[in-house]
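Residues or ranges marked as domain 'Peptidase M28' in TrEMBL: 220-358. Feature annotation from TrEMBL assigns domain 'Endoplasmic reticulum metallopeptidase 1/1-A TM' to 424-639. As annotated by TrEMBL, domain 'Endoplasmic reticulum metallopeptidase 1-like C-terminal' applies to 659-857. Per TrEMBL, the feature transmembrane segment maps to 81-100, 389-414, 435-454, 466-484, 505-532, 558-586, 598-621, 627-645.
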Amino acid sequence: MANVIWFLASDEASFITGSILVADGGMRNYAEPQKPFEKIELRVRRVVDRNIGGTNELKNINEHIEEIFQQIIPKQPQLGFFHWLLLSLCVSVLYGLVVWQDGRMPAVLPKDNLYTFSEERARLFLEQITSLGPRPTGSNALEVQAVQFLTGKITSLKQIVDRNGINRLELDIQRPSSCFNMRFFTNCFHKVTNVAVRILFLCNYDRCAGSVSSFENLFGNDIVFLFNGAEESYLQASQGFISQHKWRHSLRAFINLEGAGSGGREMLFQAGPGDSWLLKTYLDNVPYPRASIIAQEVFQSNLVPSDTDFRNFRDFGRISGLDIAYVKNGWVYHTEFDQTRLIHKGAIQRNGENVLSLIKALISSPYLQQPANFDEGKKWIFFEIFGFAIYYGFMKGTLANLTASLSVLIMIAYRIRSQLYTSKDVLTAFAHHSLALLGMAVTALMLYAVVYLLNLSMFWYATPWLVLPFYILPMVSTGLWVHSSIVHKKYSGINAEIFHYDTMLAIWAAILFLATAAGIGSAFYFLIFLVFPMLRDPMIYLLGKMQVLNVVTPKTVFYTQFACLLPVILFANYAVYLVFSFFIPIMGRIGNNISPELIILPLCLIIASTVVLFTANLIYVSRRLHFLIKCCVALCLLAIAIIITTRLGDPYKYSEDSPRLRRLLAAHSKRIVYDFGGKINSTATGLFIQTMDYRGITDLPEHTFLQGTDKPDCSNTQDDYCQLPYYHPNFKYMKPEYSRWVPLPSSPQITKPISVHMLSRVQPVDTQLNISLVVRGGADRMALHVSPLQGYTLKEWSITKNDSILSEPKNTHYVNMNSGHEHPQETNIWILLENFAVVSHYVHGAEQNSETLQQLKSLIHSRRETPHHAVGFWKWAITMTGMTSEIVVHFF
């Protein structure tokens, strides 16, 4: 048997040299070995007409050498099952290392440690405020009890500061009112509550004789803390602060603390815009950095159904800042299980130490004294790996990306010119990679068909690792099978391994170039995917020069390539873990319109394609992989069978410590429809049911409350919301046909019934109609549905000025209305244009839960804890948000 790899072109001599290690009997027909493992060297002159009598002779020589190696190569010791298993185990171990690293937290400091941040102290504070219960805008728990609690703590601190007489602490309670536009609706608020605290660090600027120093102050800037009481109602309080508060003009930078999960390592996921010193300050000063430009670009692309106060400070205040959030365990976000007991120990300690260090660095930064550079063109590429933050300028990143891409092009051109392989070989290898990708895409479509036909949608929601045997492994097996079939049936060549590897580099170089040209900061991942694999051949060359290697064998290639891919595997595992831990919980609240499989499956295809690209070349120096592929296929089929036939594939699971539940909205509602004359046309009472994920309303457990009727009849209304009490203005994602209206005999308790009266109806010109209305009553959470009829369009209204949102083509204009500390007695509106609907939601207090809703909650709580009692009981793994509501519809 002989170990053989490829020919390498020498720079100094006009030779193409190949080394062959021959065992006894390995070349009986071509060389007579003197003893086992004799080294034989073949040299062939480079193609030059003056050295070769003619092209025919050269062709004959090349064909003869090709024939020799075609005979030798199949007899060489090649990579086998062990090497592929070793590669799989190493990838798994590195992924486990990433998971372990993500769970590491700093030690919790005791509460008596007064000079540093202490999680023990913070938890006491947090438990006191969460003991008040749910705190929606307008509730007594928020507007009275929580405000009293915060102001009491702040007043105690103010007394200490005043007693010391060094600095000054100011407390201001603001209750703004306004309206502003968001992406697809108008957002109005009335007297929502902001508790603002300003700490002024006083200093003197006179100096003693002989001194030229400027200020006697450790910090050069002041701090404002904003506790806003209307963030969950679409960022209303922060908009009121940044547009109306007296301190807003003195603000230079901000830090926004968010929560999209329950603990874990918090992440900086938005920075800027402009003022890159903010990001640099964070990365240079926090003890436990975690930041990712991938998260920033994903969030700012509107792929995530969420938003933060960062938007208001950026868009309305023109202030740069940092957005930091918990993202782990997003299954409990905005549910009854969003509790302090589920916050990982050490998570608050980590966040507190980071924020404290960041604030100290910011308030002493000289950059705060400079004018804002909001439109700064310079960006930063930033990411974190194993706790180490890496960042560099966007222009430097662009230069590095283009240099790496060009280097691959030059390398391949040089090797083609040196006749290591031909351009046809490169095109052939590209076709092989493309065919493998096509095969994986076909496999993905087949898997999607299986999921659709067997109603397995979101089988991975409660158990995310199931995507590995169900999606990723079948696609990887398909890609490897395509290459394996090619190498043993359709294509062979002495340099197949190397030009398949180089073509893989060319593919990544092309992706890197396109991503860089598109201005995508996350292209740094492709740079990592390119640079480290490019080191393989130089490493082999250096090992040969150092006489560590006497001959290059398939095993040499394998271990050298694996060493070069270690950083790639580590970064890829980091990205995979981040994407799946963040995106999979979000799939439970993206609505009914888009199948989450169309999001998760392409992500799995990208992962599988990456694996196949980086390993395909090894197939060309491996024994037949049919047994390995058969094992993978058998494992996939077994996994699919288990997922289908056991509770492992249940989309939802209930447990006290790790609930992964279906989100349900239930509104016990009363609807009254008035005709053009102001008389009641119809009334109805029912339970309005919505689910927030793709499995939808038809997948709910069988019960009268949940499946008591067909989808709502919307044929007699032009209201996009079908005259239903939508709590969120997102009918495009949660369409009326995916909801249920279950008729009920009893009406909910409505303590503040809605009344709408027309004050005037004027037609200034033939094509316009101006209607003035007054709305009285209703709860502190209301919505207006304005639907023009009879060919009219909404041109102008009194809610907002210079309104670009009115120019958007839509049947219904949605206005969200919240009141905080006070509820207005009446709201006057004029509309220049006729169906006008007002919806009122009771989301707190005694009116929130009717007897029907309490019965439904009790039923859900009891049955979700006993899923083993009957087939299909897993469907009761539900978390429900209940409320009572009133819908009043008028035609004018």
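For all residues, glycine too, the Cβ spot is worked out from N, Cα and C.
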Cβ contacts under 8 Å made by the transmembrane segment (81-100) with residues that lie 6+ beyond its boundaries: 555, 558, 562, 566, 569-570, 573-574, 576-577, 615, 618, 622, 625, 627-628
Tertiary contacts of the transmembrane segment (627-645) (same chain, 6+ residues out, Cβ under 8 Å): 81, 84, 450, 454, 456, 459, 466, 469-470, 473-474, 476-477, 480-481, 484
Best-contacting stretch, by C-beta pairs under 8 Å, relative to the transmembrane segment (505-532) and drawn from 389-414, 558-586, 598-621: 389-414
For the transmembrane segment (466-484), distant same-chain residues with Cβ under 8 A (at least six beyond the ends): 432, 435-437, 439-440, 442-444, 447, 459-460, 500, 580, 600-601, 604-605, 607-609, 611-612, 615-616, 619-620, 624-626, 628-629, 632-633, 635-636, 639-640, 643, 648-649
Same-chain residues at least 6 beyond the ends of the transmembrane segment (598-621) whose Cβ lies under 8 Å from its Cβ atoms: 5, 78-79, 83, 87, 432-433, 436-437, 440-441, 444, 447-448, 460, 467, 471-472, 475-476, 479-480, 483-484, 487, 496-498, 500-501, 504, 507-508, 529, 533, 554, 557-558, 561, 565, 568, 572, 576, 579-580, 583-584, 587
Residue distribution over DSSP helix, strand and coil in the domain 'Peptidase M28' (220-358): 53 helix, 27 strand, 59 coil
Mean predicted confidence [pLDDT] for the domain 'Endoplasmic reticulum metallopeptidase 1-like C-terminal' (659-857): 85
